[in-house]
Amino acid sequence: MSDESRPSSSGARTAAVIPAAGRGVRLGPGAPKALRTLNGTPMLIHAVRAMAASRAVSLVIVVAPPEGAAEVRSLLDAHALPERTDFVVVPGGQTRQESVKLGLDALPPEYGTVLVHDAARPLVPVDTVDAVIEAVREGAPAVVPALPLADTVKEVGPAAAPGEPEPVVATPDRARLRAVQTPQGFDRATLIRAHETVTADVTDDASMVEQLGLRVVVVPGHEEAFKVTRPLDLVLAEAVLARRRLNDGF
Ligand SMILES: Nc1ccn([C@@H]2O[C@H](COP(=O)(O)OP(=O)(O)OP(=O)(O)O)[C@@H](O)[C@H]2O)c(=O)n1
Ligand SMILES: C[C@](O)(CO)[C@H](O)COP(=O)(O)O
């Protein structure tokens with residue numbers, strides 16, 4: 001397990017930025033996704049606890065829905081969280097990319113290692129978090145946890161006409177594909193440079209570092225780090241929590 005006292009390649013301390021400002025359109029109508037509950041506790045609180053479970057993480061920056069920063073601050077104050085960790089809340093932006101950038105703007109200088117973790121991945125185990133931190137501290141500028149794919153993937157082309165089926169144009173070799181999760185881990189300077197430099201729309205932070213031509217490495221992801229995206233994911237998340245409670249004996 002990582003320990004905050006370990007030497008780091010890029011700075012002494014580790015912070016986690018949690019983008020939590022999304023609406024959750026694919027989840028259906030309701031409160032912003034991060035504020036919806038799993039077994040009675042907001043998804044965001046599960047995600048915050050998942051980051052603070054790592055003894056290496058001493059600061060968590062939560063990027064709240066634009067109008068919801070006060071509500072998120074109250075939620076953090078109302079739930080039991082580790083005392084060794086500091087919590088900061090900032091309002092988010094219109095895209096995930098903007099929200100992460102706003103979180104990075106609040107990062108104090110003494111944090112050399114930065115995790116970016118979706119509030120929508122509330123159940124990531126601490127061993128995965130620590131493996132990402134460890135790889136950054138060992139010198140990787142960017143680290144992603146990832147899993148092999150269970151399905152065969154097809155690349156499709158545009159339909160010949162509206163209403164026509166899309167044609168398959170290629171079947172990439174599945175053995176070389178990975179489904180990427182969070183937390184993604186970064187050397188601070190690398191991540192800030194990526195966010196200052198890359199303007200193209202991207203869906204994760206590591207791809208911005210790839211665009212700088214820098215090395216991004218993979219560590220094993222975890223099935224329980226899945227992203228709560230569609231309604232069925234809520235059922236799965238509550239089942240995972242129920243199994244954890246049984247295993248913990250309460
Ligand atoms: N403007 C945005 C959009 C997304 N996110 C965050 O980015 C993470 C991953 O995004 P996703 O799962 O796509 O969440 P939503 O954008 O909320 O989902 P949807 O696309 O279904 O609306 C989530 O924790 C989400 O809160 C964010 O902080 N700011
Ligand atoms: C960052 C991410 O979770 C890695 O898989 C993913 O790219 C987020 O994508 P989304 O479209 O914002 O759900």
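Placed from the backbone N, Cα and C atoms, the Cβ positions cover glycine too.
Please treat TrEMBL annotations as automatic predictions, because they have not gone through curation.
Per TrEMBL, site 'Transition state stabilizer' is recorded for Arg26 (among others). If you take the C-beta of Arg26 (site 'Transition state stabilizer') and look for same-chain residues 6 or more apart in sequence within under 8 angstroms, you find Thr229, Arg230.
Sequence-distant neighbours of Lys33 (site 'Transition state stabilizer'): residues of the same chain at least 6 apart with a C-beta under 8 Å from its C-beta are Gly22, Arg23, Gly24, Leu27, Met43, Ala119, Ala120, Val228. Among the features that TrEMBL reports, site 'Transition state stabilizer' is placed at Lys33 (among others).
Annotation source TrEMBL lists site 'Positions MEP for the nucleophilic attack' at Arg174 (among others). The Cβ neighbour count for Arg174 (site 'Positions MEP for the nucleophilic attack'), using a 10 Å radius over every protein chain in view, is 13.
According to DSSP, Lys227 (site 'Positions MEP for the nucleophilic attack') is assigned to coil rather than to any helix or strand. In sequence order, Asp118, Ala120, Arg121, Gln181, Asp233 are the residues near Lys227 (site 'Positions MEP for the nucleophilic attack'), counting only same-chain partners six or more apart with C-beta under 8 A. As annotated by TrEMBL, site 'Positions MEP for the nucleophilic attack' applies to Lys227 (among others).
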Q.
Using a 6 Å cut-off on Cβ distance, which of the recorded sites Arg26, Arg174, Lys227 come close to any atom of ligand 2?
A. Lys227
Q. In which DSSP state, out of helix, strand and coil, do we find Lys33 (site 'Transition state stabilizer')?
A. helix
